[in-house]
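For reference, the structure is listed below as C-alpha cells.
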Ligand code: GDP
Ligand code: GDP
C-alpha cells in the first residue's frame with residue numbers, strides 16, 4: 001500500500017500552499033521530461049527517505065456554493081477514506097469558524113489518524129492563538145505551522161511519517177504509460193473518459209472519478225496500469241466558439257507534451273481536419289506514440305469496404321506520418337473502445353522497443369545491399385553500421401562515409417524497411433547519419 005496524506009479543511013486556510021510546499025522538489029523531478037508544471041491535486045512528496053502521495057482536497061472544492069452537500073463533498077470523503085494520515089488544516093489568522101467545526105464532526109466519523117494543523121502561525125500572537133482550536137476536540141496536539149515560510153512543517157512531517165508502514169516508492173508513475181486523449185471539441189473525449197472511468201478502477205483514489213478535475217489519473221485495466229491524461233475535464237468557461245477552439249487546442253498540446261501515447265480522436269462525420277493534422281504533426285515532432293480513434297462510427301452509413309477505404313484515404317493524407325493505427329469506434333455504442341486502449345498499450349510497447357545492434361545490422365545491411373544509397377556527385381556512399389540509442393523513443397544512428405549526401409528519399413526507404421522488420425506501429429522513429 002502506498003502512503004497517502006490528504007490535506008482537508010475549509011477554503012483559504014492554506015491547503016494548496018502546503019501541498020505545493022510538500023511536492024515542490026519532487027515536482028521538478030517529475031516534470032523535467034515535459035517541462036510543464038502540472039495543475040493537479042495529487043503529487044508525490046518525500047520526508048526522511050519516506051515517500052508518500054499528497055492529496056490537496058481543496059482542489060476538489062471548486063466554487064463556493066457547492067462546497068457542502070450535507071457535510072463534505074463526496075470526493076473529499078473518498079480522499080479521507082483512502083488516506084493513511086489526514087492533515088486537518090485550520091487558520092490562526094481568521095481563528096475558529098463554524099465550518100471548521102463541521103469539518104471536525106465529519107472527520108471524527110473516520111478511524112483515521114488526524115493531525116490538527118494550525119496554519120499561518122508566523123507570528124508569536126498567532127502561534128499562541130492556536131490554542132483556541134482545542135475546542136474542536138481533535139486530541140491533545142496542535143501543530144502550528146506556516147505553509148508560506150515552512151515554519152513547523154518539519155516537526156509535523158516527523159510525526160506524520162511515523163504512521164507509514166512502508167517507505168513507499170520514489171516515483172510511482174515511472175514506467176507506467178501516460179495516455180492522453182486529445183482532439184477537437186465535441187468529438188467525444190469526455191464521453192470516452194466517462195466510459196473508461198466508469199468501467200475501470202482508479203488506483204490512487206476515486207476522487208478523480210469525475211472528469212471535472214482529473215488531470216493525471218492512474219488506472220488499472222487489462223491487468224495493466226496506465227495514467228490517463230484528461231483534458232476534457234478542465235473545460236473553461238468560454239462563450240464564443242473561437243475561444244472554445246483556442247482553449248481546446250492549448251489543452252491538447254499540453255496533454256500531448258505530457259503523454260507517452262496520445263489517442264487522437266476524430267469525428268467520423270468530419271474526418272481528418274486541418275487542426276487534427278496540426279496536432280498529429282506536433283505529436284510526431286514531440287516523438288509521442290499515436291493512435292487515431294475515429295469516433296461516432298455509428299453515424300456513418302457503411303458497407304464492408306467503408307472502413308478500409310477510409311483508412312487508406314486517411315493514411316494517404318497523413319503521409320509521411322502514416323505509421324499510426326486507425327480504429328473506428330463508437331463511444332455511444334461502446335464499440336471497439338477497449339481495442340483503442342489495447343492499441344495504445346501496444347504502441348507504448350513499440351515506443352520502448354530496443355533492437356540489438358547485431359539484429360539491427362543483420363537486417364538492415366541486407367536491405368542496404370538490395371538498394372544501396374545512390375552515389376552523389378560521383379561519390380560512393382557506404383553505410384558501415386548502425387545502432388539504436390537508449391532514448392525514450394526509437395532513435396537510430398547510421399554511420400557512413402558521407403552522411404550529408406544521404407537524401408530524404410533514401411532516409412524514407414530506410415525508415416520503411418525498419419518498420420517492415422520491427423514493429424514500430426504508432427511510433428515516430430528518428431534516423432541520424434554520422435560520419436565514420
Ligand atoms: P486553500 O483554499 O486552503 O487551498 O488555501 P490557499 O493555499 O489557496 O491559501 C489561501 C490564502 O492564504 C492565500 O492567499 C495564501 O497566500 C495564504 N496563506 C497560505 N498559507 C499561509 C501562511 O502560512 N501564512 C500566511 N500569512 N498566509 C498563508
Ligand atoms: P468532447 O468535447 O470531445 O469532450 O465531446 P463530448 O464527449 O462532450 O461529446 C460531444 C457530443 O458527441 C455529445 O453529444 C456526445 O453524446 C456525442 N457522442 C460522443 N460519442 C459519440 C458516439 O460514439 N456516437 C455518437 N453518435 N455521438 C457521440
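Note that Cβ sites are derived from N, Cα and C of the backbone, with glycine treated the same way.
What TrEMBL says about this one:
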type	residues	note
BINDING	9-16, 56-60, 119-122	GTP 1 binding site
BINDING	183-190, 230-234, 295-298	GTP 2 binding site
DOMAIN	3-168	domain 'EngA-type G'
DOMAIN	177-352	domain 'EngA-type G'
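On the structure: features taken from TrEMBL.
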residue	record	Cβ contacts under 8 Å, 6 or more apart
9	GTP 1 binding site	15, 58, 88, 89, 90, 91, 100, 103, 117
12	GTP 1 binding site	91, 94
121	GTP 1 binding site	92, 127, 130, 144, 145, 146, 151, 152
183	GTP 2 binding site	189, 252, 264, 265, 266, 276, 279
186	GTP 2 binding site	267
297	GTP 2 binding site	268, 328, 329, 330, 335, 336
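Summarising the environment of residue 57 (GTP 1 binding site), the number of other Cβ atoms within 10 Å of its Cβ, over all protein chains shown, is 28.
Among the binding-site residues listed (12, 57, 121, 189), 189 have a CB atom closer than 6 Å to some atom of ligand 2, in sequence order.
Under 6 Å, Cβ to nearest atom of ligand 1: this is the test, and of the binding-site residues 12, 15, 57, 121, 183, 186 it is passed by 12, 15.
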